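J.: Sharing the record's features from TrEMBL:
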DOMAIN    187-291  domain 'Glucose-methanol-choline oxidoreductase N-terminal'
DOMAIN    440-492  domain 'Glucose-methanol-choline oxidoreductase C-terminal'
Amino acid sequence: MAGPATERTAIVIGTGFGGSVAALRLGRAGIRTTVFERGRRWPIRPDGDTFATFTNPDKRAAWFGSPAGANLATAIPVEPYPGVLDHVVGNGIEAVYGAGVGGGSLVFGSFTPVPRRRDFELIFPAAADYPELERSYYPRAKRMLGVSPLPSDILSHPDYVGARSWLKVIDRYGADPHFFDFAIDWDLVRAELRGTRPRGVSIGDLTYGVNSGAKKSLDHTYLPAAEQTGNVRILPMHEVFDIRQRPRRRGFAVTARVLDESGRTVRTVRAEADHVFLAAGSFHTTELLVRARALGILPRLSPRIGEGFGGNGDFLTTRSNPREDFGAVQGGPGYARIYDDDLPGGPASMVYQATPLPSPLGKALTTNLVQVHTDERGSIDFDHATRRAVLTYPYPEGSSDLDRRANAFVERFHYRTETRYGYPANGIPLSSRLIGFGSASTYHGLGGVVMGKAASMNGAVKGYDDLYVVDGSFVPGAVGLVNPSLTITALAERTMDRFLATR
Ligand SMILES: Cc1cc2nc3c(=O)[nH]c(=O)nc-3n(C[C@H](O)[C@H](O)[C@H](O)COP(=O)(O)OP(=O)(O)OC[C@H]3O[C@@H](n4cnc5c(N)ncnc54)[C@H](O)[C@@H]3O)c2cc1C
């Protein structure tokens with residue numbers, strides 16, 4: 001599939017969803033491409049011990065300086081290491097990102113839903129063109145990521161009683177289940193259930209990586225395909241800290257520090273290219289640009305860079321003491337979303353996420369991710385005193401519009417599924433930020449270089465030719481009541497089509 005190498009060159013910064021799409025498309029077009037990734041590679045080891053596990057978190061779960069845990073409320077300190085989860089602690093929110101070759105796909109729950117048109121269009125500008133995405137780019141993204149629904153034989157396994165029980169709960173609510181795809185190799189989940197592979201997906205343990213290899217992370221899909229073109233070179237443990245215009249010619253010079261496993265800078269390397277594609281994730285892509293603007297290195301960048309950060313309308317809740325059996329362990333990744341379009345604050349969605357509690361605690365509670373629409377947006381700004389970017393999300397618990405809408409939905413859910421049947425002590429929602437739930441943190445930090453604002457609708461960063469954004473920073477803070485990775489992939493595919501058609 002590789003085109004013949006041309007004299008043109010590109011640099012991609014980051015190997016998450018956007019970066020992987022860019023790398024493959026550039027490689028296929030014959031453009032010599034260098035990909036900088038700050039984290040390490042995570043090949044699946046035959047001994048089943050590639051990643052840390054939920055019950056035994058260790059340094060492999062935490063990017064340098066972060067504690068190991070799904071959120072800070074439950075995290076433990078570990079020695080510095082290039083682990084897979086990066087906790088960006090902001091003012092008013094914690095945003096969690098993946099780190100390593102594959103980015104967020106190493107840690108993601110593998111949920112790959114398509115948003116409904118009406119939810120997408122409440123957030124995105126009309127020019128984002130949902131019909132085109134639906135026609136061309138969502139199908140392509142699905143095919144490339146290799147996604148599929150939870151198969152019926154796995155659903156009927158005893159360890160998936162939780163997913164089946166969830167269907168009964170939502171039936172009591174009076175809603176229809178919406179089924180969607182997951183980026184999972186179900187044959188390897190079957191092997192987990194037979195005991196021939198270490199358990200991960202089948203016990204809901206996906207957040208630190210999946211030791212059986214059942215997660216179809218980007219290092220198993222887009223990235224090897226990009227390397228096979230012969231035109232793409234991925235450089236792990238290379239953290240970019242500077243982007244500037246090339247002196248005499250069009251294009252850019254990018255500088256990265258090469259890290260060792262203790263976080264020490266071994267050396268710095270500089271590379272030049274005709275085109276740069278930013279894909280370091282919403283916070284870190286924005287950080288690179290707000291720094292370059294503040295230090296006068298790229299002074300023509302839009303003043304709107306740093307605006308529009310959102311947590312995708314996420315609100316994490318638990319239902320404790322469920323009436324149905326959710327199993328001693330909860331087979332994952334999760335199941336079926338419901339929508340309620342009849343809430344006073346506008347539509348909301350809720351999905352079941354398997355929780356990797358050690359057996360037999362799976363019966364004690366379930367975790368549910370709620371998503372609502374909200375106009376609340378934060379910012380990513382450069383702090384001259386620390387010379388770092390700061391995330392600010394100024395919506396305290398209690399006064400936040402997002403919390404109000406989500407709590408109203410969660411309370412209605414409890415009433416309609418339990419209280420009205422005489423079971424108020426079952427399915428009790430717990431959503432306090434104090435214990436890391438509600439909107440205390442998000443796995444879906446988006447925005448910062450938003451389409452139609454700091455970037456054109458084609459992904460070109462305003463102020464500089466040949467500088468593009470292809471990751472979650474391009475998205476206006478939310479994708480519309482679903483998890484965002486498939487939408488980021490689809491938008492990146494479209495950006496690359498347009499780039500290759502015109503340049
Ligand atoms: C625990 C968890 C679970 C999630 N579950 C789901 C899910 O089930 N479904 C879903 O749709 N989404 C999920 N997400 C969100 C999803 O992972 C992100 O939306 C997605 O990965 C964002 O893609 P991206 O292209 O913006 O960049 P990312 O995937 O964030 O990748 C950015 C990459 O850039 C690298 N990088 C950062 N800074 C630099 C630098 N200076 N130099 C070089 N490299 C750099 C990072 O190490 C990383 O590899 C989850 C996220 C988390 C944290």
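Backbone N, Cα and C atoms are what each Cβ position is placed from, and that goes for glycine too.
All TrEMBL annotations are machine predictions without curation.
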J.: Quick one: mean pLDDT on the domain 'Glucose-methanol-choline oxidoreductase N-terminal' (187-291)?
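T.: On average, pLDDT over the domain 'Glucose-methanol-choline oxidoreductase N-terminal' (187-291) sits at 97.
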J.: In the domain 'Glucose-methanol-choline oxidoreductase C-terminal' (440-492), how many residues does DSSP assign to helix, to strand and to coil?
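T.: For the domain 'Glucose-methanol-choline oxidoreductase C-terminal' (440-492), the helix, strand and coil counts are 11 helix, 10 strand, 32 coil.
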J.: Using DSSP, tally how many residues of the domain 'Glucose-methanol-choline oxidoreductase N-terminal' (187-291) sit in helix, strand and coil.
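T.: Helix/strand/coil tally for the domain 'Glucose-methanol-choline oxidoreductase N-terminal' (187-291): 31 helix, 34 strand, 40 coil.
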